[in-house]
C-alpha cells in the first residue's frame, strides 16, 4: 500500500485576476480627508486653482461616497466629530468657509465651490438646492451663486437643471417670480438660464417644456419673455445699423418683416421698435426752436418706413402713444407733438380714426393736458371734415 498522499490535481494556464468591482472597497473617510486636505493646502488660496484640483480629484476620489466628508472639509476645514468639533489629531485645511474673510465677495466665491454638485447624492443635492433657494429668497446670498450651475461637466450630466428645479421652486415659494426676476437681472443671470442645459438642448422650447413639466411655468414664461426681449434688442440694433448705412427702405422693410415672422413679433411691438430706431439714428439739436423743424424733416424722410408697419388700427394707436411718451420724456419736443402727428397724418401713416380715438380715450397720462390742448384745433377740424363728408354722402344718396 502506497503511504504517500495522492497529489491533488492543479489547474494550469492563465491565472484569472479578481475583478475590482467584485472587491468590496473599505469605507475610509479619514484617508479621503487626508487626500483632499493635502491637495487643498498645496493649491494655496487661489480659488481657481482649488476648483481645478477638486475637478481633477473627482476622477480619482469617490465624491459621491464621501459627500458628507467633502462638505465638512469645504465648510469647516476638516471632518467633524460628534458634537460638531474637529478632532485635534486630524490634519485641517485653512482653505474653508470658516477661515475665509467675512465679506460678500469672498462668500460668493465659496458658494461656487460648495455647489460642487457631482459629489453629492440626489437627495443631498435636493436638500442643498432647497436651502439655497431659501437663502436667495431671504437675501442672505447673491443670485450670482447660480453661475456655478453653468459648469460644463455638471451641465453635461444633467445635474444643473435638476438642481435648478428644486432651487427655483423653493425661491418662488418663499417670494414670487417678480422678486426672482429682479434678483437675476441685478447680477446679469436673467439671460443665462438656457445655459443650464447642454448646447444641443439650449433652446427656448426645450427649456419651456422641461420647467413647465416640473411645475415651474412662471419660470418658463420668464425665460421665454427674456429671449423675446433679447431678440427685439438684436433686431433694433441691426435696424439702426441699416439706417446708419443708408440702406434703402425696401431692403429694411423686407428684413424687418422676415424677422417678425421668425421671432413671432406682432406689428404693434414692431412699430414701437421702428419708432425708437428712427428717433435714435439722428443727433437732435438741443434748441427747442430748431428741433421741431429738424424732427419734421427727419420724420418726413422716414415716413414710408413707419407706414409699412401701421397697417392695423392698434398699431397706429400704439405709435401715437409712443410719440406722446417720446415728446414728454424729451423736453425739447414738447411743442413738436402736434406738428409730428399732422405730418404723419398727411403721409398716410396715421388715420383720422386713430387720431380721434387717441384724443378721446387712448392717450396716456404723460403730458396729457399739454398734448390734448395742442391737438384740440386739429381734432375739431377732423371732426368737421368727417361731418361734411357724411353730409355729402347723404346728399348723393
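Glycine residues also receive a Cβ, built from the backbone N, Cα and C atoms like all the rest.
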(message) Of the residue ranges 1-28, 29-56, which one carries the region 'Disordered' annotation in TrEMBL?
(response) 1-28
(request) Please average pLDDT over the domain 'W2' (225-392) for the predicted structure. (result) 90
